[in-house]
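Taken verbatim from TrEMBL:
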type: REGION; residues: 1-29; note: region 'Disordered'
type: COMPBIAS; residues: 16-26; note: compositional bias 'Basic and acidic residues'
type: DOMAIN; residues: 49-310; note: domain 'Protein kinase'
type: BINDING; residues: Lys78; note: ATP binding site
Amino acid sequence: FTEEGVVQPNANAISSERKKPADSRTSKNMLSVHDMMGIKQSDSLENFYTVDEVIGRGAFGEVVRAQHLFSNEQRAIKIINKKKLKRNSILMELQLSELSILQKTDHPSLMKVFEILEDHSHYYIISELMQGGELYGRILQLKKFTEKDCAQVIWQVLRGLNYMHKKNIVHRDIKPENILLESKDTDNVNLKITDFGFARCYDPAEGGLTDTLGSPLYMAPEIIKKLPYDFSVDIWAVGVMTYILLCGKPPFKGKSKEEVFVQITSKNIQFTSEVWQSTSKEAQNFVKRMLVRDPKQRSSAESLLNDPWILKNIEQKEIGQDILLDISFNLHQ
């Protein structure tokens with residue numbers, strides 16, 4: 001934590017991007033995500049993209065800014081080194097799981113991916129370019145958000161999770177570092193969920209998930225206690241994130257991971273500090289619906305999208321568009 005208590009980034013997770021129809025002009029070897037049955041060999045990347053600067057680095061490679069030669073659009077390309085991937089079988093499984101999830105998702109709140117390519121040494125995930133950086137950086141910049149801006153952020157995250165959960169996908173690493181903003185303009189809070197390395201397709205009929213993973217500050221009590229868990233772990237993480245956006249500090253603190261875990265599993269959240277005195281009861285009640293230790297009592301993403309606090313702070317036009325998206329999703333099931 002900083003002195004203000006804002007969460008510092010950690011390196012305990014993995015990284016990625018997301019999905020949209022491919023351009024009509026692509027290589028015969030370049031495969032659109034919508035048609036993808038597997039990842040295919042690509043021709044030389046330089047035949048289709050002009051690679052610019054490196055904008056990020058991760059465990060398996062780097063992310064570069066690139067320009068698509070046929071559309072002139074700016075895009076991000078995540079370059080994954082196969083040799084580095086093969087050295088760690090667990091991380092390789094997580095990365096390949098991410099590639100699989102990318103093939104199954106297409107939603108305005110999820111990072112859009114145009115295509116996924118490979119050659120003999122690398123995978124290439126070509127996605128839209130988000131210019132605003134991580135939500136985490138915006139938190140450091142603003143310290144805390146207005147209720148309206150916070151609601152706009154959380155509404156977008158919840159609609160993305162609602163879509164994922166209906167497709168039986170659990171993200172398992174929701175946090176500000178994995179939310180990318182469209183613009184550096186602080187008045188623009190349009191965003192995308194990214195980093196699907198820990199995401200997992202999950203069949204509720206098969207019982208709960210049991211892997212212990214995620215980022216400690218955002219981990220739900222049931223994960224820490226090594227109990228079977230489901231989609232509701234994502235909702236707990238959104239609750240922690242909402243708390244941070246509204247007051248600039250995490251609800252559960254500690255000098256070590258173990259101390260944080262004790263707080264998560266035993267401490268009741270408080271709204272007694274001075275900053276909460278100017279926060280509406282509706283906002284506090286919204287947070288309480290998510291930070292419930294019993295996952296069976298925790299609200300779903302769909303239910304939270306209809307919370308009074310969300311409805312008060314989101315334009316009806318946007319809610320109407322989301323309803324149309326939901327109808328479209330149901331028609332295609």
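All positions are counted from 1 along the displayed chain.
Cβ coordinates come from backbone N, Cα and C, glycine included.
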Lys78 (ATP binding site) CB neighbourhood, other CB atoms within 10 A: 24
Confidence summary for the domain 'Protein kinase' (49-310), mean pLDDT rounded: 91
